Amino acid sequence: MIYKFRKVNPITWKNDHVVLIDQTCLPEEYKTVEISSYEEMAVAIKTMIVRGAPAIGVSVAYGMYLGARETVTNDRNEFLKQLEEIAVIFRRTRPTAVNLFWAIERILKVANKTNGTVKEIQEAVLETAKKIHQEDLETCKNIGDRAVEILPTKPEKLNILTHCNAGALATAGYGTALGVIRSAWRDGRLGKVYADETRPRLQGAKLTTWECVQENIPVTLISDNMAAHCMKQGLIHAVVVGADRIAANGDTANKIGTYSLAIVSQAHNIPLYVAAPLSTIDFKISDGSEIPIEERDTKEIYQVGETRICPKQVEFYNPAFDVTPAELITGIMTEHGTVLPGELEQFRVKQLV
């Protein structure tokens, strides 16, 4: 495999359609797909051509515009009804990622508040989607820049372990957890990245390592069950992960395996941080028990590539996410700074969310 170094732009609005990096093809092939309808966007989200909570939020915003553009009525009320029907389809694609719901509600709010013709509402929806896209890029850079300040001061160059892919591919182009790592690398604070392979879809192996290679960031790939051993050997100084949904009390849903990582981090006195934009906090739910956990195709468990790895008689269970209790999280890194999980309420009070 020969890599060409490139800036990672997972989502691009181009004239009248969206261009996505097909993340199911990485790292073997760099391929883009053009999305011209809301149905195509729904499939892209469901099949993980695009994935990662912030990236899903940006993508669904554009998807809502594509759906708005496809409506065939000039009646405002009928248009809004059809737009809500499109929203229902998108809500069913990835139930755990709260950014998806956040972006949909923001689009619907703009559509309902915009006076004028259907065409003017469509234009307002597109401008909002573009704004969500740009805001996410700026937000992730702010998360990274602010978070570097609270990373452990010793050693001077840190080895940071991350899980799954919370990088440019999972956002508008900078990353949450990997955005923190990018900022640490820029500031000379990073020794190397340790990337969990992240079974069953291997986003750490396929996507996080690929991103690091694009920017010449030193990265070592380990299997998920090596994390505790690496910590005991003194190879890991901090853990930074992303999030798909954070409850009001700080309980955090992230890629399956994060909970285990949090337990072994605490056992070895290694800080574990969650890096996420405020849009990932769901104040409608009090704790992690209320977070819906997506279950995916069992083929992800029993098949690697085209090869089946176990007998056909075996049963399978494939939750895509787990919930890490707030007490196992050292801090939540946001665009407004890092706070303890129990301090999230201040953001709602300040109406930042």
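From the backbone N, Cα and C atoms, a Cβ is placed for every residue, glycine too.
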Exercise. Hey, Swiss-Prot has substrate bound by Arg51, Gly52, Ala53, Gln203, Asn254, Lys255. Any idea which of Arg94, Arg106, Arg296 it lists too?
Worked result: Arg94
Problem set entry | Candidates Gly52, Ala53, Cys164, Gln203, Asn254, Lys255 (recorded positions) with Cα within 10 Å of Asp244 (active site, proton donor) | Gly52, Ala53, Asn254, Lys255
Problem set entry | Where Gly52 (substrate binding site) falls in three-state DSSP terms | coil
Seminar exercise, completed: Cα-Cα, Arg51 (substrate binding site) versus Cys164 (site 'Transition state stabilizer'), nearest Å, comes out at 11
Exercise. Reduced to three states, what secondary structure does DSSP give Gln203 (substrate binding site)?
Worked result: helix
Exercise. Cβ within 8 Å of the substrate site's Cβ centroid: which residues qualify beyond Arg51, Gly52, Ala53, Arg94, Gln203, Asn254, Lys255?
Worked result: Ile56, Ala97, Cys164, Asn165, Ala166, Ala170, Gly242, Asp244, Ala320, Phe321
